[in-house]
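Database features, via TrEMBL:
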type: DOMAIN; residues: 54-212; note: domain 'EamA'
type: DOMAIN; residues: 234-365; note: domain 'EamA'
type: TRANSMEM; residues: 51-72; note: transmembrane segment
type: TRANSMEM; residues: 84-105; note: transmembrane segment
type: TRANSMEM; residues: 131-149; note: transmembrane segment
type: TRANSMEM; residues: 169-189; note: transmembrane segment
type: TRANSMEM; residues: 198-218; note: transmembrane segment
type: TRANSMEM; residues: 230-250; note: transmembrane segment
type: TRANSMEM; residues: 270-290; note: transmembrane segment
type: TRANSMEM; residues: 296-316; note: transmembrane segment
type: TRANSMEM; residues: 348-368; note: transmembrane segment
Amino acid sequence: MSNTKNLKQNFDIPYSEDIQAVKTPLNFEISETQSLQNDLKKRNIKRPQNYYLAIIFAFSSAFGFAIHNYFVTYGIRMRNNSSSIAFAEFFSLMAAPIFLQMYLAGHSFKNKGKLWIKQESQLYDKSTLRFKYICLFCVISRGIISVFLNSNVGFMAYYSFRADISPSVIISINSLTSFTVAIVFYFLYHEKLNFKHLIGMILIIICVVLIAISKSFTIQRPLVEEPITVFVPIFFALLQVLVMTLSTVIIRKSQENGYDVIRFCIDQQIVSGGLFLLLFLHSHFTYLPYTWTQLWFIQIAVIAFTSAVIAFNYSLRYGKGGISMAICQLQNVFQLILEVLVEGRIPNYFEVSSIICALVGSIILAIAKK
């Protein structure tokens, strides 16, 4: 008997006379405790953070966007200097999610005997099987925003010409997005930036401005007899900054609600691809028919764009929003380097200075972990 009590004391096992004193809780007490534990688990879930991995993904996204922009720029020349060449991206944008859904349906049917089950859907909670409206909102709104951002670049360029100012200068205002994202993420997610981070981000913005100044000297613009006020293109540029900031918040929200990074990037292409298809048909039948060469050429840009978006979303997952957005602005520098290497032109003073600023700013951001 004494040995049994010693065992009870050592291992905290309830003895027979103590078991009767244990009360069985009521059902509502059990459910209340479980819901409290679930809430605590949700609050304790932390976003995986890896500063250097986020930096690598951000650089990868910048390089991918640079390839996309370079091919689109070259494609514009193939279509009488019309930005409608980007509408041909609908083919690959819609093909990727369709093939993915076909693969997932076949895999589900092979293993579970059904083409689709809720547990494997990104729009349903895997534990409660409740429909996640926030995920549906994120994927649809992100697809619409993607089309808007692409179209708004055309608006900025058009009204820049009307205001007799270089479009590159106006578009360079978009680099302010790194600061707006940093501010918004500070209030929403308490992401703090130190002095080194700010210096690196400022240098990257300076490099974007230098590239814009360089292009303003090389682009020949026809004289505008009655130019509009410069505040019109500035308005569209600031609108671009606002929407890009909102887009980063939507991406982070989708990740918070369990949406897989790659699935989110591909699923949003269903929306953006559908909208591009409508614009493609309108441009094909009312403006200028597309050629097969243009269609196949622009698909290379889509592959680079999809890879860049996935890399950027992973950068937001592992790092800080402001830093990820700042490094993403280096796409202008990578595009400049591609132009120098492929076209063999010699960079001018402003372009060399921009590359130096980008290099120094990137090094500062890379070593400024805390």
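Cβ atoms are placed via backbone N, Cα and C, with glycine included.
Those TrEMBL annotations? Automatic predictions, nothing curated.
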Selected stretch (most C-beta pairs under 8 A with the transmembrane segment (230-250)) from 51-72, 131-149, 198-218, 296-316, 348-368: 131-149
Interface-richest range of 131-149, 169-189, 198-218, 296-316, 348-368 toward the transmembrane segment (51-72), CB pairs under 8 Å: 296-316
Spatial neighbours of the transmembrane segment (131-149) far in sequence, C-beta under 8 Å, 6+ residues away: 122-125, 240, 243-244, 246-247, 250-251, 253-254, 257-259, 264, 267-272, 275-276, 279
DSSP-derived helix, strand and coil totals, residue by residue, for the domain 'EamA' (234-365): 114 helix, 0 strand, 18 coil
Tertiary contacts of the transmembrane segment (348-368), as residues 6+ beyond its ends and Cβ separation under 8 Å: 52, 55, 59, 194, 196-197, 199-204, 206-208, 210-211, 213-214, 217, 323, 326-327, 330, 332-333, 336-337, 340
Beyond the flanks of the transmembrane segment (169-189) by at least 6 residues, Cβ under 8 Å: 153, 156-157, 160, 201, 204-205, 208-209, 211-213, 216, 233-234, 236-238, 240-242, 244-245, 248-249, 252, 320-326, 328-329
